[in-house]
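Participant: Let me give you the structure first, and then I'll get to my questions.
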Amino acid sequence: MVLNSTSVVVKMGLSSSADAASVDSMTLFVLLLCACIIFGHLLQKSKWMTESVVALIIGLITGIIILVSTGGKSSRVLVFNEELFFIYLLPPIIFNAGFQVKKKQFFRNFLAIVLYGVLGSLISFLIVSLGSLQLFKKLDIDLMALGDYFALGAVFSATDSVCTLQVLNQDETPHLYSLVFGEGVVNDATSVVLFNAIQKFDLSHITPSNIFQFIGNFLYLFLTSTFLGVVVGLFSAYLIKKLYFGRHSTDREIALMILMAYFSYMLAELLDLSGILTVFFCGIVMSHYTWHNVTENSRITSRHAFATLSLISEIFIFLYVGMDALDIEKWRFASNSPWTLFETSAIMLSLVLLGRAAFVFPLSFIANLFRKSRNDKIALKQQVVIWWAGLMRGAVSIALAYNKFTTSGHTQLQGNAIMITSTIIVVLFTNVVGGLLTKPLIRLMLDPHKNVGNSMTYDFVSDRTLPLISNGQDSEPNIDTGNPIDSSKVVHHYWRMFDDTFMRPVFGGRGFVPVIPASITEDTQH
């Protein structure tokens, strides 16, 4: 028994060189994460730098150091695994996006957000897919099947809302922030749904019936995933409201909220649905109902816990992308055709620019038709900022590209290597150049301090007078429905009536659950 126990300890311990190397790698990566947070804080007031750009630069510098120290063999301390990204890193980011979203602004701009995020993503997807299909024929790229071109369309239709929102201020430009934030999250979800639908679609026989089947599968995935997220969110609200965990300890409340959010994502993946869409709407529902059913301590702790997990995941991704940009294996296969790599990257970047312009300006015109007030309309200068701010490509694009063109982060096919390196080049270029120029562009095109084109300023004025967490007592003034064609106000008015009459009495929420300052256990301990 002693020998067996010892052997088990040796196997599970850090005696092997592989285990020791993995510990060394994780230690270095944690240190780099801390450095990103510190430098991001120091550069918070910078007119140019953003936290994602800081993480990318630190990743690049670290990659260069590792590349030199290993004699050109490697540039990173960890190997990318798309499962790691989709299962562990992406859920906290998307859930926190839904949980922290300003719901009133999100749903008042719902028409424009859906137009940008869903229809706009489809337009961008088609332009990138069909454009690359025509232009890449002239390049020497091997093993590019028809499905690869449509996969590229999904990869490059996913914007990086994380980097974009770091250069926007929701107090100075609330209307713009709401539009870009909502579009970014819905756009990411749409891109992932498109990518998954393409993987299951038989592109060898494209017929009208197959096209309608593809559209049906897309709508099924989109609607079913949304419904699942709403159901899990409502279930968590009802469970916490009825069982009243806070009378013993806030720990159970917070643990249940975290686990229910993660459960919604994993259940969607188990059912072959879109986990990103499910967890996003689960976050919206939980912030609207569940969050108001817990104690005050749980509200403060949970919101900061979700934001912290999201921040770490975002920095982790950008830091890794910076190091992986110098991966010698992919560059070795892609460097056999350096001119092809340059042309591929230039084509993809041009198609991204064209695809975004092709939907932002026409769809903004359509959205303005449903807005009566001039202050509510999306002005041309705002449209230019929305177009530019949404050009950034990031974590979702990288993950989808790795999922399609590599196996556990590796590839030995020239065509796949060119696609991965081109994706990394576009991500780096759009994040660094776009991130550095977005703040000056906003100052040039808009006067943020005037809250241009926003009829909802009172929400943010009132928010500035409150602490970060304020028992959820956000001001929700009555909305005059006004002109019937002003769809955002009509939808919000009838939703409030339905919510107050049927939903909140059952699932709880602001004004329907007494404010519980703290749990009994915690009061006793203090």
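Counting begins at 1 with the first residue displayed.
Even glycines carry a Cβ here, placed using N, Cα and C.
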Participant: With the ranges 184-201, 274-291, 490-507 to choose from, which does TrEMBL describe as transmembrane segment?
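Facilitator: My reading of TrEMBL: the transmembrane segment range is 274-291.
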Participant: Who are the chain neighbours of the transmembrane segment (303-321) in space, where the CB to CB distance is under 8 Å and they lie at least 6 residues beyond its ends?
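Facilitator: Distant contacts of the transmembrane segment (303-321): 29, 32-33, 36-37, 40, 51-52, 55-56, 58-59, 62, 76, 78, 80, 85, 88-90, 92-93, 95-97, 99-100, 162, 254, 258, 291, 394-395, 398, 424, 427-428, 431, 468-469.
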Participant: In the same chain, which residue numbers or ranges, 6 or more beyond the ends of the transmembrane segment (52-72), come under 8 angstroms Cβ to Cβ?
Facilitator: 32, 35-36, 39-40, 43, 160, 162-163, 166, 314-315, 318-326, 328, 394, 428, 431-432, 435-436
Participant: Counting Cβ pairs under 8 Å that sit 6 or more residues apart, are there three or more between the transmembrane segment (113-136) and the transmembrane segment (341-363)?
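Facilitator: Between the transmembrane segment (113-136) and the transmembrane segment (341-363), contact is present.
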Participant: So which of 20-40, 84-101, 341-363, 384-405 is most in touch with the transmembrane segment (274-291), counting Cβ pairs under 8 Å?
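Facilitator: Top-ranked stretch among 20-40, 84-101, 341-363, 384-405: 84-101.
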